[in-house]
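Here it is, the structure, as structure tokens.
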Amino acid sequence: MVILGVDPGLAIVGYALIEKQGNKYRVIDYGSINTPSKLESVDRLKIIHTDMVNIINKYNPDQMAVEKLFFNKNVKTAIEVGQARGVILLAGSQARLKIYEYTPLQVKQAVAGYGRAHKSQVQRMVKALLNLNEIPKPDDVADALAISICHGNSYRLNRKWGTKG
């Protein structure tokens with residue numbers, strides 16, 4: 001199963017493609033979609049959508065896992081992330097991908113074993129679980145890898161116990 005994990009944002013979208021076979025993960029690719037701050041929001045969203053469609057077409061993932069929007073004290077940031085999530089979800093839906101969403105707490109729990117783990121703890125676990133030489137940068141990319149791992153673990157358990165992801 002090939003999983004496309006996405007950490008949404010307007011400035012930087014982290015993405016990661018991993019293959020899960022049994023209890024093992026293999027990294028296919030990861031990176032970021034960066035949008036220039038000088039552009040209007042609508043143009044930045046267009047870049048995100050176009051690039052996400054291209055990534056989906058290139059790698060043909062089986063499923064998509066996206067971080068859920070959590071309440072942010074900065075309303076402007078929350079709106080921008082929500083808009084980015086919208087075009088990301090649209091790209092996945094247009095490709096007829098099964099889309100799963102996970103909260104930051106669920107991702108931390110699945111990857112580090114503790115829902116309140118610090119970002120650095122999650123990043124070290126991502127590095128270890130995927131046998132990477134270093135923690136991927138920027139943080140958004142490491143987060144996308146963590147989201148992919150979270151889905152791989154959660155999907156396996158949900159299939160076993162018949163619960164909804």
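Just so it is clear, glycine is given a Cβ too, placed from its N, Cα and C backbone atoms.
Annotation source Swiss-Prot lists Mg(2+) 1 binding site at Asp7, Asp140. What Swiss-Prot lists as active site is Asp7, Glu67, Asp140, and the listing cites sequence analysis. If you look up Swiss-Prot, you'll see Glu67 marked as Mg(2+) 2 binding site, on the strength of sequence analysis.
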Take the C-alpha atoms of Asp7 (Mg(2+) 1 binding site) and the residue listed as 'Mg(2+) 2 binding site' and report the distance between them in angstrom, rounded.
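Between the alpha carbons of Asp7 (Mg(2+) 1 binding site) and the residue listed as 'Mg(2+) 2 binding site' there are 6 Å.
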If you count CB neighbours within 10 Å, which one among the binding-site residues Asp7, Glu67, Asp140 has the smallest count?
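Among the binding-site residues Asp7, Glu67, Asp140, the sparsest Cβ neighbourhood within 10 Å belongs to Asp140.
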Using DSSP and collapsing to three states, where does Asp7 (Mg(2+) 1 binding site) fall: helix, strand or coil?
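The three-state answer is strand.
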List the Cα distance (Å, whole number) between Glu67 (Mg(2+) 2 binding site) and Asp140 (Mg(2+) 1 binding site).
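Distance between the two Cα atoms comes out at 11 Å.
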Please report the three-state DSSP label of the residue listed as 'Mg(2+) 2 binding site'.
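Looking at the DSSP assignment, the residue listed as 'Mg(2+) 2 binding site' belongs to a strand.
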